[in-house]
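Beneath this line is the structure, given in structure tokens, with notes to follow.
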Amino acid sequence: MSDAFKPLLSRLADGATLSDDDADAFFSACLRGEPTPAQVGAALTAMRMRGETLGEIAACARAMRRAAIHLEPPFPTIDVCGTGGDGLHTLNISTAVGFVAAGGGLKVAKHGNRAMSSKSGTADVLGELGVNIAAPPEKQLQALDEAGICFLFAPAHHSAMRHVSPIRAELGFRTIFNLLGPLTNPAGAQRQVVGVFAERWVKPLAQALGMLGSEKAWVVHGAGLDELTTTGETSVAEFSDGKVRLFTITPEAVGLRRAALADITGGSPAENAQALRRLLAGETGAYRDIVALNAAAAFLVADKVETLREGVELAGRVLDEGRAQAALERLVEITAP
């Protein structure tokens, strides 16, 4: 069976790009464990050295979506997540944003994993907060409905990745799969705020989300962070109405102070969980500001507000009124084993 992939690998080695059909077929085969580890590693390496194309990214995402264990909520959802890999070890921003967005009335299907290159991934800090990250689908749906947020643990929903995960770990460098977490939400979130680890991926991932059927999405990179940032300027690609629009955002433009990276640097999962608890309890400062900015983007993408500044103000009210904290508490209650 593995001999069937040799012609494709030869083309990749010569620098060719894969057609949509070839890419879809190859990645689907990878998720079934058909190519040998050496063949998967060779393909990933060739694509990384040449530069992954938009078609290859979309095809790989489609293959992952088909192989996923899906959650099917009866209402529209939004996801707020990043690719990770920025290497800056910040506090958990998108995790906190999920609770603020839920407290503001959105239904947040938060897709995430344990830390890969950071010290504290979404799953790590949620575990410290008392959330059962292994909650069954019926509990996830209940949490979405009643708490406004659920957590979709990537390994549980993308079990087919077990065929490629050891290969990725052995390679030790970024591959196309590092871009795919935000493109493969198991609940089929049609609206998203996606952070990417490098600015060059802002526009391509927005285009990919459009190809994959998103209604509206922001793909962002902020001064080295896979988030909107208060430490500098954020580059944004908005997909909406079938088009991609590029623009930049500064914190001052929405009434926020510029911060230093040191002000939002995190630590262990336990330390980041404590910081998140203090934030939800009303603590002000740089962490609150960057969370409010990212939550504002979620509110805007979900058409909850008309401007980013209005979104920042709504995020502040949600935090001050304890609604984000209530979302966390209800999520913990519902997912308890």
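A Cβ is built for glycine as well, from the same backbone N, Cα and C atoms used for every other residue.
Record features, source Swiss-Prot:
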{"type": "BINDING", "residues": "Gly82, 85-86, Thr90, 92-95, 110-118, Thr122", "note": "5-phospho-alpha-D-ribose 1-diphosphate binding site"}
{"type": "BINDING", "residues": "Gly82, Asn113", "note": "anthranilate 1 binding site"}
{"type": "BINDING", "residues": "Ser94, Glu227", "note": "Mg(2+) 1 binding site"}
{"type": "BINDING", "residues": "Arg168", "note": "anthranilate 2 binding site"}
{"type": "BINDING", "residues": "Asp226, Glu227", "note": "Mg(2+) 2 binding site"}
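Structure coloured by features recorded in Swiss-Prot.
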residue	record	contacts (Cβ under 8 Å, 6+ apart)
Gly82	5-phospho-alpha-D-ribose 1-diphosphate binding site	Ser94, Pro182, Val194, Gly195, Val196, Phe197, Asp226, Glu227
His111	5-phospho-alpha-D-ribose 1-diphosphate binding site	Asp79, Cys81, Leu152, Ala154, His157, Gly181, Pro182, Thr184, Asn185, Pro186, Ala187, Ala189
Asn113	anthranilate 1 binding site	Gly84, Gly121, Thr122, Ala123, Phe153, Ala154, Pro155, Gly181
Arg114	5-phospho-alpha-D-ribose 1-diphosphate binding site	Gly121, Ala123, Asp124
Arg168	anthranilate 2 binding site	Leu44, Thr175, Phe177
Other C-beta atoms that fall within 10 angstroms of the C-beta of Thr90 (5-phospho-alpha-D-ribose 1-diphosphate binding site): 23
Packing count at Glu227 (Mg(2+) 1 binding site) (other Cβ atoms within 10 Å of its Cβ): 29
His111 (5-phospho-alpha-D-ribose 1-diphosphate binding site): secondary structure state under DSSP, collapsed to three categories: strand
